[in-house]
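Chemist: Sharing the feature lines straight out of Swiss-Prot:
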- 170: active site, acyl-thioester intermediate (ACT_SITE)
- 72, 73, 74, 75, 76, 77, 78, 79, 139, 140, 141, 152, 153, 154: substrate binding site (BINDING)
- 27-210: domain 'BPL/LPL catalytic' (DOMAIN)
- 136: site 'Lowers pKa of active site Cys' (SITE)
């Protein structure tokens, strides 16, 4: 399993990279976890949610927010700097339990990571994502093609959740968003620390049992990912 830190990447650019990585994993490549932040973006999932987007949203944000229609499942959500976005691109062929088990384990990685920073989180019956009480701290929306996942999870880290003042999390009226900064009694971790913690918890859950003797992975760079994709393309030729 390989992990990559893509820094701040636009939604459409990240989607293009995911599709390239997905094709590589479908061809037998290593499972990959992409960690990043998006600029202010409202994404509308396959379950719609367009009705939950104010018609003058871009005017309200002076044009500084992108609105995109996504291939992921779920309703409407938003992304912004200070939110960890995790896009696992992994094969489910050798994992038992199918998509439901995958979603459960992805939530579990977030719950364990949050515990490291003093935030008690859990699942909420009947509602996807990760919650602290009745406040939503992480949203999920995935897609699967030929047994390989893409899209994933958005987990709020920073204090500023102002975009959620306009967009209800996953279209759920009356649901408040929260973040690590709002829930922790200790110092707020920086994004590199959050990314590293999530990578480690994700690895412990998703790495095949026989590979746990291997050292924990470290986050590689966007350039490392581009080199990997170029090498894969040359191999195919």
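Using N, Cα and C of the backbone, Cβ positions are placed for all residues, glycine too.
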Chemist: When the pLDDT values for the domain 'BPL/LPL catalytic' (27-210) are averaged, what is the result?
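Modeler: Overall, the domain 'BPL/LPL catalytic' (27-210) comes to a mean pLDDT of 89.
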Chemist: Taking only the Cα atoms, work out how far residue 76 (substrate binding site) lies from residue 136 (site 'Lowers pKa of active site Cys'), in Å, as a whole number.
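Modeler: So the Cα of residue 136 (site 'Lowers pKa of active site Cys') lies 14 Å away from that of residue 76 (substrate binding site).
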Chemist: Using Cβ-Cβ distances, find the residues under 8 Å from residue 72 (substrate binding site) that belong to the same chain and are at least 6 apart in sequence, listing them in sequence order.
Modeler: 43, 45, 46, 141, 142, 143, 150, 151
Chemist: Applying a 10 Å Cβ distance cut-off over all chains shown, what neighbour count does residue 153 (substrate binding site) have?
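Modeler: So the Cβ neighbour count for residue 153 (substrate binding site) comes to 23.
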